[in-house]
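What follows is a short report on a single structure.
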Amino acid sequence: MGNANAPAAPVAPTAPAPTIEPAKKLKPCCACPETRGPRDECIVLKGEENCKDLIEAHKECMRKLGFKV
């Protein structure tokens, strides 16, 4: 049926997958706008002591992107 000594079809080499390192390319000021905006607005209107949940949510978002907060 088949020839065991037949050459295999050529396989194109694959490029290595790029590594994603957002913390090195993304500046802290530009990270997590979806949590930064509400956090900043809350602090201006209500004071930092009344916005701890939004502050913590923003810190968690920053940590997920690799920033050390």
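Every residue, even glycine, has its Cβ placed from backbone N, Cα and C.
A TrEMBL annotation is a machine prediction, not a hand-curated record.
From a predicted model like this one, the values you see are computed outputs, not experimental measurements.
TrEMBL has this to say about the protein:
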type	residues	note
REGION	1-21	region 'Disordered'
BINDING	Cys29, Cys30	Cu cation binding site
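The 10 Å shell around the Cβ of Cys29 (Cu cation binding site) contains 7 further Cβ atoms across the protein chains shown. Its Cβ taken as reference, Cys30 (Cu cation binding site) is surrounded by 9 other Cβ atoms within 10 Å in the chains shown.
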